[in-house]
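J.: Taken from TrEMBL, the feature domain 'G-protein coupled receptors family 1 profile' applies to 41-289. Residues or ranges marked as transmembrane segment by TrEMBL: 26-49, 61-82, 102-121, 142-162, 199-224, 236-260, 272-291.
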Amino acid sequence: MDHVNHTGIQNFILAGFTTSGTLRPLAFLGTLCVYLLTLAGNLFIIVLVRADSGLSTPMYFFVSVLSFLELWYVSTTVPTLLNTLLHGHSPIPSAVCFVQLYVFHSLGMTECYLLGVMALDRYLAICRPLHYHALMSRQVQLWLAGATWVAGFSAALVPASLTATLPFCLTEVAHYFCDLGPLMRLACVDTGWNVQVHIVVIGIINACNLVLILGLYGGILRAVLKLPSAASRAKAFSTCSSHVTVVALFFGSAFIVYVGPPESRPEGADKLIALVYTFLTPFLNPIIYTLRNKEVREAVGRVTQRIRALSKGP
C-alpha cells in the first residue's frame, strides 16, 4: 500500500478483484451482461406496474419502488467494479469516493426500511383484509415510500460523515467500491470508536427493521394457520415467500459485513459478501418478486395484447 501525507490525498486507488489476464475480459463481460439484465429487469417491472391496471395494488406499488431503488443501488457500485475488472487498480477522486460511500449506504438503509414497509403491507393484507384498502390508501402508500427514502438518506449521514472526516495515510482501498471498513483501514488514527458508532447506527437500524419484519410475519403465520382450506393457506404463503427470500439475502449479508468486527473476517471476504447485496440481490429481485408470479405473467399477456392491438391500428 502507498503511504502518503494525509493532508494531501486527492485520490484513492480501488484494488478490486485480482484476476488474471485471460479471465479479466470474461469477468468484465459477464459482469456487464448481468448488470444490463438487472437494469432491464427492474425497468420492466416499473413499466409493467404502471401500464397494467391489474397490478395497481399496494404490494406491486412497493415492488416498483424497490425496483426503482435497485436501479440506483446497483449503478452506485457496478461501474467501479467494471472499471477495476477491465483496468485493474483504478484511481478514484476522494470526493467521488465519499459521495459513493454516502449514496451507497443511503440506498442500502432505504431498502432496509422499505423491506419493513413491504412486510407491513403483507401483514395488513392478510391479517386485516376488511380494512386493508382503507389503511393502505394511495396517500398512505406515497407517504410510506417517501418516508423510507428520507429516513435512509438521513441515517447514512452519520457513518459517511464520520468516515469522510478521518485523516488518511494510505490510499489503496481493498475493495471495488468505497465502503466503510476498507476506508477506515487506511486511516492514520485508531478507528475503534468509529467502528462502534457504525455498528450501533447500522446495527440498530437493521435490527429494528428485522425485528419488525419477524414480528409481522409471526402475526401472518398465526393468521394463515387459522385459514380453513389448504389452498387459502398456500395462496397466502405464496404472497410472502418472495419477500422472505429477499429479506434473508439482504439482512444476512448486511449483518455479516457491517455489524460484526472487521478483523473477524478473512481478508477479501468483504468483497465477496458485498457481491450478494450489491449485485446478486438486485439481479434476482425481479425474478424472485414478479417474473415467476402468476399475476405478473397475466399482466404481461394483457399488455402484450394491447400493444398488438395498437400496432394493428383501426
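Just so it is clear, glycine is given a Cβ too, placed from its N, Cα and C backbone atoms.
Are these features on the surface or tucked inside, and what touches them?
T.: Note on the transmembrane segment (102-121): residues 58-59, 62-63, 65-66, 69-70, 72-73, 76-77, 136, 144-145, 147-149, 151-153, 155-157, 159-160, 164, 177-180, 202, 205-206, 209, 212-213, 216-217, 243, 246-247, 250-251, 254, 277-278 of its chain, located 6 or more positions outside it, place their CB under 8 angstroms from a CB of the stretch.
Here the transmembrane segment (199-224) has long-range neighbours at 105, 109, 112-113, 115-116, 119-120, 122-123, 126-127, 155, 158-159, 233, 236-237, 240, 244, 247, 251, 254-255, 258-259, meaning same-chain residues at least 6 beyond its ends whose C-beta is under 8 angstroms from one of its own.
Same-chain residues lying 6+ beyond the ends of the transmembrane segment (236-260) with a Cβ under 8 Å from its Cβ atoms: 59, 108, 111-112, 115, 118-119, 122, 125-126, 180-181, 198-199, 202-203, 206, 209-210, 213, 217, 220, 223-224, 227, 270, 273-274, 276-277, 280-281, 284-285, 288-290, 293.
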J.: For the transmembrane segment (61-82), what are the same-chain contacts with Cβ under 8 Å, counting residues 6+ beyond its ends?
T.: 14, 16, 28, 31-32, 35, 38-39, 41-43, 45-46, 49-50, 90, 92, 100, 103-104, 107-108, 110-111, 114, 117-118, 121, 141, 145, 148, 176-177, 274, 278-279, 281-283, 285-286, 289-290
J.: Please report, as numbers and ranges, the same-chain residues at least 6 past the borders of the transmembrane segment (142-162) whose CB is under 8 Å from any CB of it.
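T.: Same-chain contacts beyond the ends: 61-62, 65, 98, 101-102, 105-114, 117, 120, 180, 194, 197-198, 201-202, 205.
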